[in-house]
Amino acid sequence: MRRSSSDWSNLGSDYDEARRKANQVIINVNQFFPLLDSEIRVYKDKMSYLGDNSVGKPLRPFPNVEGAIEKSGTLPSIKEEEVPPAEAPDTQTEDSTLFATELDGEQQQRQRQATSTPKSAATGSHDDEWTADRKRKILTMKQTVEEAVARHYRDAMLALKQGDDLTAMRKLHRCIALRPDDADFYHHRAELFVRQCDFRSAIANYRKCMRLQPEAAGSAGYWDRLAFLYLFYGQTLFDQGYYAEALENFAKASEMQPDNVAYQTRSIACLTALGRHSECLALVNKRLETNNSNPDLYVMRARLHFIFKSYTLAYYDAKDALAISPGHSGAAQMRDYLFESARNYGRQAVELAINGRLREAHKKASLAIDMDPSVAEFHVRRAALNRRLGDFNAAVEDCLMAMDKCDHDPASKPFTDAQRQLLLTFNDFAVECYMKGFYEESVGLLEKAIKAEKEEKALYINRGDCFYRLGRLQFAQLDYEQAWDLDPNDSSIGLRLSLVHHRMGQAAFQEKDFAKSVDCLTRAIERNPLCHHLWTARGRSRYFQTDLKNAQVDLAVALLLKAELDEAMRTLLTRLFPSVPTDKILTGTTGLRQKAEKELARYYQSPQPESPAGAASQQQQQQQQQQQQQHTDSPDGPKAGKERRRRKKRAPKSSIPSVAECAKDRQLNCDLVRDKSRLGR
């Protein structure tokens, strides 16, 4: 039975009066009007009356409305204290019921049964629609949202199966808008972004998933998937030439999975493309500290060292990579390239050294050693170049390294070459110190060389020269004699020995040990009989020994060797031949020239060096022979003496000397005594 419009107006006025009296209490109008063709939807803070295609004004909010309705199913009773004082009704006229039209429990039950009873076809279609709508369950806001989310999610999955990505994306957007705290929706949407190559949006959705479910990020695969997306997005940027942006994504992927070599490898590739090789090398070194069994890392570091021109480090990295994986193609290729380049540089160094371009040859030799430091011959070549350039310390280091790389095998040719170069380096270094006046340092270097090679005469000669400069004549004599034993035919050694003995004789003369002085000078003359200074010095020592005849012979030999007189010879001539002119000494004195020639022949024909090197060369000998020939061919020379001897043989010889000769001898003796007494004072 349908109600009239007047009944609806009366009910509305009663309803307003009830609301006014209830003050904050919601009244279930269905208990009064079960056949009301309307729907009341309850919200958290208000109620709205919804009619046919129209929305009523919201009612005032009332507390605990849902709880009161759900518990009792009826309107809660209104207490007196809930009614405002200004509007409180008269208690004498007011009964316990709220409205006069309120139905009791039995009436309400009958009314519900009546509404649940199916209508006959005669009642009309409007009643059937109202009954069907009435049977629907009234949903809360939360239930409505959940139902909408489920419906959109089903539609999205169906669209995904059908390949309709746009529809699926739109439905997932609605799901996320209705339920923004569900990680599955972001996961599906991220995968849709991946299919559309929108990696940035996909990364943002996966990050949202990880924030919503941080404890399940690893088990759900969000962590690994996000790392892979960083890698994939970085690779796309890298292919497009955006190396800085790609490096940022690769770095994030490496931070998420530090054990994944591929991620760090891509970061290294970006750093290399950006030219930041130092950072790249540091990253590889850090990786090798934790994982030293990966040959790819060694090859990568070898290439970086090659970029920095650290060829030796590149060589050892390639060698380590091959030790881990002998068949590694990248390491083998790097090693072969270094070997071939080293040999090319070695050949260029030899050619440049032959042409005298030592500096350029040294650079090429250094490159050869850097690219293949295992070859000892390269060190030997660079040692020779360093020695010729005067860098003796570097030459010694190269020689020692070459011998170490040969395992000190005496049968190895590089070892013998390195040893030879080491000796030459010590010798040249000692000579350099000798030229600068560092004789002690020179002796130390030569001692090292002699310790390594005891059969090299030049080392003994040079050390003897150093001792000679230091005044250690006995040590110098021993070194010269050792060199003489190794090579008796070397005239330079005899010259040095004569110098040592001459100096020792001079020292003995200063100490007035004339016997020792004569002995030392005799040894000096044995080593160098063509030096007139030695004969003059020995004649002077014999003069002070009062051995005047031998002193005159020594002075005569000195005159034979040198026609021009020096100061020492003039002084001695005035003492030995005081009244005899210089040009008459050899010719005027009976038999003096013959004695001098005999004395010279005694030393000169002995098994001595033919020519003392450094003091009397072959040319000087020829000049001396020419001078002797000139003396012989002179009017007062040996021919004139021979003529006089022939005449003397023919004439009767007197056994009594003449007065003049006796006077001369007496005067000579007086002069000798006077000179001795003067020297003694």
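Indices start at 1 and increase along the chain as displayed.
In case you wondered, yes, glycine gets a Cβ from its N, Cα and C as well.
TrEMBL annotations: computationally assigned, not manually curated.
TrEMBL annotations:
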REGION    53-133  region 'Disordered'
COMPBIAS  90-99  compositional bias 'Polar residues'
COMPBIAS  106-123  compositional bias 'Polar residues'
REPEAT    183-216  repeat 'TPR'
REPEAT    227-260  repeat 'TPR'
REPEAT    457-490  repeat 'TPR'
REGION    597-681  region 'Disordered'
COMPBIAS  618-630  compositional bias 'Low complexity'
COMPBIAS  642-652  compositional bias 'Basic residues'
COMPBIAS  662-681  compositional bias 'Basic and acidic residues'
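Within the model, the repeat 'TPR' (183-216) carries an average pLDDT of 88.
Listed by sequence, the residues of this chain that lie at least six past the ends of the repeat 'TPR' (183-216) yet keep a Cβ under 8 A from its Cβ atoms are 153, 156, 160, 165, 168-169, 172-173, 175-176, 222-223, 225-226, 229-230, 232-233, 236. In terms of DSSP secondary structure, the repeat 'TPR' (457-490) contains 28 helix, 0 strand, 6 coil.
Across the repeat 'TPR' (183-216), the DSSP tally of helix, strand and coil residues reads 27 helix, 0 strand, 7 coil.
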